[in-house]
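In what follows, a single structure is set out as structure tokens and then discussed.
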Amino acid sequence: MSWRNQGITGSNNIPLGSRRRFAGDGEEEDGARSVTPSAPSSVTNGDRDRDRDGPVYSNDRDVKRGRSPERSEDGPKRRKKRNRWGEATENKAAGLMGLPTAIVANMTSEQLEAYTLHLRIEEITQKLKIDDVVPADGDRSPSPAPQYDNHGRRVNTREYRYRKKLEDERHKLIEKAMKTIPNYHPPSDYRRPTKTQEKVYVPVNDYPEINFIGLLIGPRGNTLKKMETESGAKIAIRGKGSVKEGKGRSDAAHSSNQEEDLHCLIMADTEEKVNKAKKLIHNIIETAASIPEGQNELKRNQLRELAALNGTLRDDENQACQNCGQIGHRKYDCPEKQNYTANIICRVCGNAGHMARDCPDRQRGASWRNDGPGAGRTAGRIGSSGGGDAVDREYEQLMQELGGTGAAPARIEAGPGSFSNGPSGGNGDAKPWQRGPTGGPAPWRTRNMDRDHEGGPGGPPSGPSGGPAPWARDRNERRHDDRDRGDSYYGGDRRHDDYGRGSSGGGGPAPWHQPPPGAPSAPAIPTAPAYPGAYGGYPGYGAPPGMGAAPPPGLPPPPPGAPPGLSGPLNALIQQYANAAPPPPPPAAEAPPPPPMDLPPPPPPGA
């Protein structure tokens with residue numbers, strides 16, 4: 001087959017050989033060419049693509065494959081790329097300002113900053129005037145996706161975006177210059193915007209498990225309203241996820257922002273309000289992202305507020321545990337074991353959880369031990385000493401001020417620290433059984449103390465004095481005490497005379513036993529001695545005639561004792577009245593009238 005020897009394959013008429021790609025047209029056919037090998041990095045790929053047809057390379061068929069030829073020096077040079085430090089003539093606004101940019105004078109940092117602000121404001125103003133807002137092609141950023149309004153017109157064109165960017169920058173610079181430069185006046189064509197808007201994006205993609213919208217809005221929107229009140233700016237949540245699924249919103253503001261990421265739109269009339277609102281929003285976002293959900297105090301307060309609005313709030317959530325004293329759980333849910341410290345009761349203030357020496361209500365310098373004059377007192381009692389609860393002491397002080405008296409009220413409790421046994425008694429620290437006699441009257445003598453001091457009906461006051469005990473006094477004295485006590489109880493008069501007692505109250509005989517004036521005194525009637533079991537001072541009772549007295553002359557004496565056959569109580573009764581004196585005779589007075597006659601009454605007259 002002759003076609004194999006021709007060096008062609010099929011329809012390809014290009015002969016196989018070592019001919020290089022960049023061969024000149026005027027090269028010699030004998031293959032004797034001069035080549036200059038060079039490094040592969042001397043000519044880049046971009047240079048080859050741009051200068052493929054123009055430059056002339058000195059190549060040879062025998063050059064090794066993989067080696068890039070070197071561009072000859074007589075070829076055309078590539079145009080140098082423009083850098084950021086271009087010619088001054090390229091900046092049209094700089095030529096119109098007429099302000100120097102090369103500063104050779106000595107200026108402070110404040111002056112330099114003020115001049116920079118003024119220069120940049122003038123530059124932006126000139127660019128807006130001549131409509132030079134779009135930068136060069138090399139300085140432009142990638143264009144965003146186009147957006148259209150309701151009429152189908154594009155709203156985010158290149159000119160609109162750059163003009164708005166320059167206007168926002170000039171507005172911020174003018175606000176800053178008015179604060180730093182004294183007597184600064186903005187440009188004549190500057191119109192202060194009625195509202196300043198700024199967006200704060202929410203990191204929902206970084207923390208998908210956190211409900212940022214719920215934390216920002218709060219229960220019934222109260223958290224968002226509170227931030228608006230504190231900052232003075234209007235805050236709105238826009239972007240993806242701001243509207244719940246299934247709710248169709250016809251608002252153009254919501255529909256136009258659904259393609260953006262979730263963000264907070266802040267609108268205010270001043271920059272300070274916007275910055276304050278941004279700070280509040282960042283605080284909520286950083287707290288939710290850095291603190292676990294169970295320890296987030298903002299969420300706890302929001303849940304508590306929501307429960308209060310729904311009427312399901314339990315008011316015992318802030319109560320301390322009775323076992324450990326911590327807040328957040330009850331005693332039956334306490335994770336700790338039994339705490340003995342919580343069961344200790346302070347004797348100074350009466351509260352639990354600390355001892356008396358650690359009590360904050362204890363007076364400075366006062367002893368915390370139970371050995372003072374007011375020892376033994378329980379906490380909370382009203383007293384004149386320094387102990388007790390602080391509330392009780394304040395109440396005592398208030399009552400003293402209202403009453404106008406400077407003396408502290410007396411203590412009302414009994415015991416070693418009571419009023420009668422206080423430090424003034426001298427035995428306040430001793431036990432009751434260790435104290436000596438007080439020198440006061442016995443309890444049964446203090447019963448009629450007031451009567452003795454006021455004076456009885458029969459003499460001057462005698463005062464409390466030592467006397468026999470109630471069981472050692474005779475019956476007359478006890479009857480006297482009972483009568484006086486009864487009269488005083490029932491409003492009676494103690495000055496009246498009872499039967500058998502004179503007005504003088506003395507122990508003399510009865511009036512009918514006294515002889516008339518001027519008559520000789522009658523001999524005393526001998527009385528029998530009292531029976532053996534009688535009290536001292538009690539006279540014996542008289543016996544009937546023929547039993548206790550001496551028999552008349554001529555009669556034999558009666559038999560001693562009771563008649564035979566009598567025993568028991570009757571015998572004792574007879575023995576009691578055997579030797580008693582006879583009863584007194586009746587008083588000397590006129591004889592009673594004679595009894596009526598037994599004759600029948602006379603007939604009536606005229607019978």
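Sequential numbering from 1, following the chain as shown.
Glycine is treated like the rest: Cβ placed from N, Cα and C.
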Would you please say which range out of 272-289, 344-361, 398-415 has the annotation zinc finger in Swiss-Prot?
344-361
Can you count helix, strand and coil residues in the domain 'KH' (201-281) using DSSP?
35 helix, 12 strand, 34 coil
Restricting to the domain 'KH' (201-281), what is the model's mean pLDDT?
87
Could you give me three numbers for the region 'Disordered' (134-155), the DSSP helix, strand and coil residue counts?
3 helix, 2 strand, 17 coil
